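Annotated in TrEMBL:
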BINDING   215, 265, 328  substrate binding site
COMPBIAS  61-80  compositional bias 'Polar residues'
DOMAIN    9-153  domain 'Oxo-4-hydroxy-4-carboxy-5-ureidoimidazoline decarboxylase'
DOMAIN    212-330  domain 'Transthyretin/hydroxyisourate hydrolase'
REGION    60-81  region 'Disordered'
């Protein structure tokens, strides 16, 4: 049976390692991967994400000799081998400068699935992602961490292929579809892994959460807004669209409702599907019940998903204060 030390080598979060020990043993790689995705996206909190990020050396640098996981340090070195082999003195110097700029802006090391990637390619990606909002970049880093974890799990199971493992399957049932039920990261998970719009939906869901999600941050109090009722509806008239001034009436069909948890997350508002039905959607927040003295008795946001966007993820976060609010789409 694999222990906490082995799981920690795959992902530098102690919480992740402990949860993997509790969920195991696993009979095969796929079973472990399903559990790892569920744990990483649904059970590891913001501190665990940052702890995992910190376990990685900067791109272009060797892992520390005092790394808490020698196996992880060895894997990191191998994963960066292509980048190091293609780096020149000027490239390394530029990487060092951009690593510093990135860390100063976002507060954590630039994380990317580096295996097989050249130094110029990684540098270009760092420059591109540097312009992201911090909250969006945080999620991208978490998704890159999951890619790295997936690779390391395959290495771990390859190395332990001959060690007997007891089959335990009860926790893997529909584990991917459960991944959208709870996301315990404040300000995180604004975007899903990049789905290719031209790809066709498969029988097995590739998403790790429903295609429409939301969370609410109470900026006046400085923490997530818990206990707010949320409703998700779709316009149920294919012959017309809701018009300005008429959006509050008409054939709106309720897809789901929930109440935000302590992390400001509404939970699952719709079924897990790969392809989202194109159309007009409305998400509503009962802000008046949350703050009876506030300016907004409720808030409704109407948006349209087009045919070309049905494989994308739509996250509608709400930043709430007593007399103002703002929202934007995280994709």
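Glycine is no exception: its Cβ is also placed from the backbone N, Cα and C atoms.
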Average model confidence [pLDDT] within the domain 'Transthyretin/hydroxyisourate hydrolase' (212-330): 81
Other CB atoms, at most 10 A from the CB of residue 265 (substrate binding site): 26
Residue 215 (substrate binding site), number of other Cβ atoms within 10 Å: 26
